[in-house]
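According to Swiss-Prot, the signal peptide annotation covers 1-21, on the basis of sequence analysis. Residues annotated as N-linked glycosylation site in Swiss-Prot: Asn101, Asn137. Taken from Swiss-Prot, the feature phosphotyrosine applies to Tyr303, supported by similarity to another entry.
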Amino acid sequence: MPVFLSSRFLFFCIIVPLLISITLYQLDTFDPAHHPADSLISSTASIPPLINERFLTGAEFIGVGLLNSPEDIAYHEDSGFIYTGCVDGWVKRVKVAESVNDSLVEDLVNTGGRPLGIAFGIHGEVIVADAYKGLLNISGDGKKTELLTEEADGVRFKLPDAVTVADNGVLYFTDGSYKYNLHQFSFDILEGKPHGRLMSFDPTTKVTRVLLRDLYFANGVSLSPDQTHLVFCETPIRRCSKYYINGGRVELFIQGLPGYPDNIRYDGDGHYWIAMPSGVTTLWKLSMKYPFLRKITAMAAKYGYEPMFMENAGVLQVDLDGNPIAYYHDQALSHITTGVKIGNYLYCGSLWHSHILRLDLLKYPAQNKKL
């Protein structure tokens with residue numbers, strides 16, 4: 001190749017695109033921050049002694065094609081129904097049978113938004129954290145939907161996420177971000193700044209209180225069995241913490257999770273189950289460590305390209321002190337957002353799948369595995 005051609009090739013095919021990329025990077029206003037140093041600790045810090053790394057081998061699928069992205073799950077013991085919220089706005093309930101083929105899916109009500117967290121009030125009503133509507137109360141077998149709250153301290157919710165209900169009727173819930181909505185949530189993760197809040201709503205006084213602010217994408221929340229504290233998850237920094245209701249003290253519950261926590265559920269038998277939509281991949285690890293990589297990823301997302309980092313999803317079982325007990329996951333699994341133990345089964349919701357997953361914990365137990 002003549003020298004002048006090779007020089008032109010170098011200039012137009014390498015130097016010009018590089019200069020354009022640098023200019024776009026400098027002009028883009030997205031400004032990611034460094035994550036706290038303790039959020040970058042090894043993911044092996046919370047690996048338990050018992051592991052099932054072939055979740056999909058024994059998984060059964062419930063309501064295939066009828067449950068579009070069932071993000072959270074709540075079990076109503078008296079009726080035997082599982083309640084969930086779907087991406088099309090429907091809150092549905094599922095009567096589960098021994099054979100998944102005999103399971104019955106019913107429509108309850110369409111919120112007109114995106115129902116995420118779901119729980120039951122003390123009078124049997126269905127409480128929903130709707131990403132676009134706020135905190136909802138559904139009663140009368142789906143005939144009545146009431147908006148309970150949509151803002152706190154003058155700041156409107158952008159991403160109501162998870163909810164749990166105390167024995168005295170007080171609702172505790174999270175707002176993942178006051179800056180980004182559900183459609184934009186990846187930008188909140190990539191920005192690396194604490195926009196999340198933990199809140200309470202008292203149905204008697206109608207008062208919404210901010211209990212904690214400046215959380216890193218506040219996600220799942222669960223009440224302790226003695227009702228003294230909450231355990232809540234912060235997704236990007238792979239951490240769960242305790243919030244003591246009397247006094248407001250905060251202390252670490254578990255950190256260095258093997259994945260990015262979403263919902264957390266107490267099983268009534270001394271254990272919490274923490275769902276993780278993705279394990280700690282190399283791309284995730286690098287992006288969390290280096291803000292400039294998150295800025296590049298955010299810029300790409302603005303132009304319609306979002307690299308998929310999600311793999312090796314699963315559910316971690318921990319005891320009341322946050323000690324890891326068992327880990328159920330699969331390299332080929334992604335977007336698992338909740339895990340609820342009902343009897344001998346683990347039921348899992350998802351932001352991606354069109355069904356609920358079920359795993360028989362007796363047939364497919366987690367076993368000792370030397371790492």
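Heads up, the Cβ atoms here are built off N, Cα and C, so glycines get one too.
Swiss-Prot feature annotations superimposed on the structure.
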residue	record	contacts (Cβ under 8 Å, 6+ apart)
Asn101	N-linked glycosylation site	none
Asn137	N-linked glycosylation site	Gly121, Glu125, Val126, Ile127, Thr145, Glu146, Leu148, Pro203
Tyr303	phosphotyrosine	none
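DSSP assigns Asn137 (N-linked glycosylation site) to a strand in the three-state reduction.
The DSSP secondary structure for Asn101 (N-linked glycosylation site) is helix.
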